[in-house]
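Here is what Swiss-Prot records for this protein:
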- 59-78: region 'Disordered' (REGION)
- 1-20: signal peptide (SIGNAL)
- 154-174: transmembrane segment (TRANSMEM)
- 178-198: transmembrane segment (TRANSMEM)
- 201-221: transmembrane segment (TRANSMEM)
- 230-250: transmembrane segment (TRANSMEM)
- 264-284: transmembrane segment (TRANSMEM)
- 298-318: transmembrane segment (TRANSMEM)
- 334-354: transmembrane segment (TRANSMEM)
- 389-409: transmembrane segment (TRANSMEM)
- 422-442: transmembrane segment (TRANSMEM)
- 447-467: transmembrane segment (TRANSMEM)
- 476-496: transmembrane segment (TRANSMEM)
- 510-530: transmembrane segment (TRANSMEM)
Amino acid sequence: MARFAVIGLTFLLLLGTSLSARSDEETRERFYGNVVNSTAPGNGEGSIAKMFDRVLEKEFSENDSPEGSDGASFNSSVADQQAEIETVAKVTHEKGKRNDTQENNGTRPFQLQDVFSLENEDSDDMTLIDKKNNVFVMSNKKSKYPILQVDLRLISDLVVIIVFAAIGGIVFSCLGQPVIVGYLLAGSIIGPGGLKFISEMVQVETVAQFGVVFLLFALGLEFSMTKLKVVGPVAVLGGLLQIVLLMFLCGVTALLCGARLSEGIFVGAFLSMSSTAVVVKFLVERNSTSSLHGQVTIGILIFQDCVVGLLFALLPVLGGNSGLLQGIISMGKLLLILSIYLTVASLLTWSFVPRFLKLMIQLSSQTNELYQLAAVAFCLLSAWCSDKLGLSLELGSFVAGVMLSTTEFAQHTLEQVEPIRNLFAALFLSSIGMLINVHFLWNHVDILLASVILVIVIKTAIAAVVVKAFRYNMRISFHVGVLLAQIGEFAFVLLSRASNLHVIEGKMYLLLLGTTALSLVTTPLLFKLIPSAMNLGVLLRWFPSENSSPNESLQEKASLIEVHNRTK
């Protein structure tokens, strides 16, 4: 005991010495006096533990407490006119009261979504509802000290969506159907329009957005500059021509039907967007990304992703919120930024990227962990820069992949990124499925199904004619048209923005929303049926094989891609 007393006494003496520079004389005398008298039994005030607490109280005052903060406060935000005071309703999950009420009434039936609800757990989750019925989930609770916070709701939602996506993929794979359908249907089942296992979608959709980023990054790794030059004219000029034709057709139709011209132009721009994620996922499953029709389709899809920013700049003009001149200036600025971004990316491709990858290979001689992390970081940095410049995350991630594809480490990088891509791609496709309201589709299945058939026929015909104009054979043209026949997931964002700007009316909004959702569900089945139909003997003379084109230049294009694939 004497040895432990000496050790404790020495520790406290050293602590007192370190505090002497900031402590007054009276505190030191009281501190050391208590240490000397600490051996007196029964003296609670003079115990070492009590003294240690008083020293800590003196050292760390209330003003020194580092409170957890998000960098803003209520008073300062209102004073700086960064926020406005508004009445909200706070929804708390009081477990005791709720259980007592249920036991007394005995009327609340069991609901399956309660199994996945966090309301029965000792959770501090809080929900706020404003006067416009907007729902907000608290993400950063004020705390006296900085603590590690865990969002149990997000963890639960991710577990649900990943498990159901896996089940859906397994079931449809066993049935010989595309797993994309399984992902989409799994999302629709667990989403707000289904069994409501997931009701707060913002956080899940944000995490799932990485699926598109990594999907296009991996696509860029396979989509080399040589292939880009082969399909460049049809991708850029053909993609632009397809958008213009749809906008013109819908605009004329709107005028003939007595609707507003701006509404018709928006519908045409809306319908021109195709789903990059769904199409690319299908091409990857069929190992068709290197085929000629796959390259043409991917080129047009990438061009559409570039045009998304221009369409957002066009919406205020169509809504009458800004003049035509202002809209033209906004589009011109975006084109200038895009040119600068691509120029800088080209310079980095030949100067920085090869040296960077060689360094990562040297540092990753023992394990690929550092190389994998560096590749993901490079992809995310490029996507983030593109988004900050007013372009899109998708364009930035694709450009990052193309930059790395010019090096000898492209295949190695693809192997490292593929597992991450597959996980987040399934997560993203399932999150798209959560936007699909099964009850809404079923209640209006007749008009929505007719709309989907009309959209598929029109988009397939226009895309096939455009590709055929660039002297591709009928099989390739029709195949590309079918692949581009659906409406893309970015149409949901475009549609929401147009509704806020009053470009379209409520009924048209619901029609386009349901048509988009149903087209995404039926597209994978269409992908599976149409190619099989084209291989029927009676149709072979209308749809010859890709390599049987009578045009010599097309044969050179196909052979160039094949040679490049063998040497890559």
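Yeah, the Cβs are placed from backbone N, Cα and C, and that goes for glycine too.
Against the transmembrane segment (201-221), stretch 422-442 shows more Cβ pairs under 8 Å than any other of 264-284, 422-442, 510-530. Here the transmembrane segment (178-198) sits against the transmembrane segment (510-530); at least 3 CB pairs are under 8 Å, leaving out pairs fewer than 6 apart in sequence. Counting Cβ pairs under 8 Å that are 6 or more residues apart, the transmembrane segment (389-409) and the transmembrane segment (422-442) reach fewer than 3 and are not in contact. At the 8 Å Cβ threshold, with sequence separation of at least 6, the transmembrane segment (230-250) lacks contact with the transmembrane segment (154-174), having fewer than 3 such pairs. Here the transmembrane segment (154-174) does not lie next to the transmembrane segment (334-354) in space: the count of CB pairs under 8 Å, restricted to residues six or more apart, is fewer than 3. Of the two recorded stretches, the transmembrane segment (334-354) does not lie close to the transmembrane segment (422-442), with fewer than three CB pairs under 8 Å once pairs fewer than 6 apart in sequence are set aside.
For the transmembrane segment (422-442), the list of distant contacts is 158, 161-162, 164-166, 168-169, 180, 183-194, 198, 201, 204-205, 207-215, 277-278, 281, 448, 489, 492, 514, 517-518, 520-521: same-chain residues at least six beyond its ends, Cβ to Cβ under 8 Å. Highest Cβ pair count under 8 Å relative to the transmembrane segment (510-530), across stretches 264-284, 298-318, 447-467: 447-467. Outside the transmembrane segment (264-284) by six or more residues, the chain places 178, 180, 211-212, 215-216, 219, 242-243, 246-255, 294, 297-298, 300-302, 304-305, 308, 311, 314-315, 318, 394, 425, 428-429, 432, 455, 458-459, 483-491, 494-495, 498, 503-504, 508, 512, 520, 523-524, 527 with a CB less than 8 A from a CB of the stretch. Only residues 6 or more beyond the boundaries of the transmembrane segment (447-467), in the same chain, are considered here, and those with a CB under 8 A from a CB of the stretch are 234, 238, 241-242, 245-246, 249, 271, 274, 296, 300, 441, 474, 476-478, 480-482, 484-487, 511, 514-515, 518-519, 522, 526.
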